[in-house]
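The NADPH binding site feature in Swiss-Prot is assigned to 10, 11, 12, 13, 36, 38, 128, 130, 209; the stated evidence is sequence analysis. Here Swiss-Prot flags 129, 155, 156, 180, 203, 221, 222, 225 as 1-deoxy-D-xylulose 5-phosphate binding site, drawing on sequence analysis. Under the heading Mn(2+) binding site, Swiss-Prot lists 154, 156, 225.
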């Protein structure tokens, strides 16, 4: 029986994780649930899975959760311990009973708790890209030092992990990640300045949170995945390729030195990579449709347009640069995406704000989680100023 902490239990990955647990009660027990402020959903999760600990974002949200549990009629003796704030997220993974952590909190808010789990030598199913994009060097050093298992949950890296099991890592020449191309794959460049947040949120394949959906529209998300792959699998950026695959059925490919290519192919259902991270090195039946190989189908593979989607190119450059560049990249992108979703800036201004933030922020090498969080904070402050200037129609010097 594995005991699990779910960081981000009310998000897409969190709810899918709990669905895997629901179908495999004999294998998994939920020890702690960490959420933001979706009280209705968290209350339902507490009633169903009976965790020992539940954590929310703030004291105000904690009061709402307390009232919700009272209204649900759950006897006080059956309540989990209720906590709030950053330190509580760390406590959720620190408990000795927890052996597996699913890291699915969006943004750097999940970094400290994930790093703590790694330092405690636990298995971490990583769905939070920002952990490695912002703190890859620090986190991977801790993985090696403390013997933690870091298993990717997102479909592309999970697919790469499966393919890499089939051969000798020293004989691998290249990793290839696939991308759907997003909603603007066929949109002329001349129309991109006028696209709306509603159009950008219309992802052709996956249902996800707003920020990651916009990042898919700009291909920034694929850039983050390139950075993440470099850290997870020890690849140089030049050895990680990206191809547009609109059907989103092939998730990743590994090219070996003899020219052979292994691909991981599956239905587009996040429960598969989540379950893989929980059951590895074993496999279990999954409640997802299998591919019918007798059915006629067409798969396309196309090169990405780096002029049309410059944030993907910028991600490669930041990973090559090292230091704090990828941390700045992530922070600035989050602020720019937020401004776009609010209708304050145009779609193309996302890249402009990220690029300008990178050019203005000094490069340094973070030596601790505190350093990473400080760089993130400074980058957000600058990016927000730049976004405000664009929203006001002024030019920054």
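From the backbone N, Cα and C atoms, a Cβ is placed for every residue, glycine too.
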Checking the binding-site residues 154, 180, 203, 221, which are within 10 Å of residue 128 (NADPH binding site) at the Cα level?
154
I'd like to know which of these binding-site residues, 10, 12, is least surrounded, judged by other CB atoms within 10 A.
12
Of 128, 155, 180, the binding-site residues given in the record, which has the fewest other CB atoms within 10 A of its CB?
180
So which binding-site residues out of 129, 209, 222, 225 end up within 10 angstroms of residue 154 (Mn(2+) binding site), measuring C-alpha to C-alpha?
129, 225
Non-local Cβ contacts of residue 222 (1-deoxy-D-xylulose 5-phosphate binding site) (under 8 Å, 6 or more apart, same chain)?
177, 179, 216, 242, 304, 312, 315
For residue 221 (1-deoxy-D-xylulose 5-phosphate binding site), which residues in the same chain are close in space, meaning a Cβ under 8 Å from its Cβ, but six or more apart along the sequence?
129, 212, 215
Within 10 Å of each Cβ, count the other Cβ atoms, then let me know which of the binding-site residues 129, 203 comes out lowest.
203
Work through the binding-site residues one by one (154, 156, 225) and point out the residue whose CB has the fewest other CB atoms within 10 angstroms.
154
Given the binding-site residues 12, 36, 209, which one's Cα is the least distant from that of residue 155 (1-deoxy-D-xylulose 5-phosphate binding site)?
12
Quiz question: given the binding-site residues 36, 209, which has the greatest number of C-beta atoms lying within 10 angstroms of its own C-beta?
36
Candidate nearest residue 225 (1-deoxy-D-xylulose 5-phosphate binding site) in space, where candidates are the binding-site residues 10, 12, 36 and distance is Cα-Cα:
12
Can you grab the distance from residue 156 (1-deoxy-D-xylulose 5-phosphate binding site) over to residue 209 (NADPH binding site)? Cα atoms, rounded to a whole Å.
18
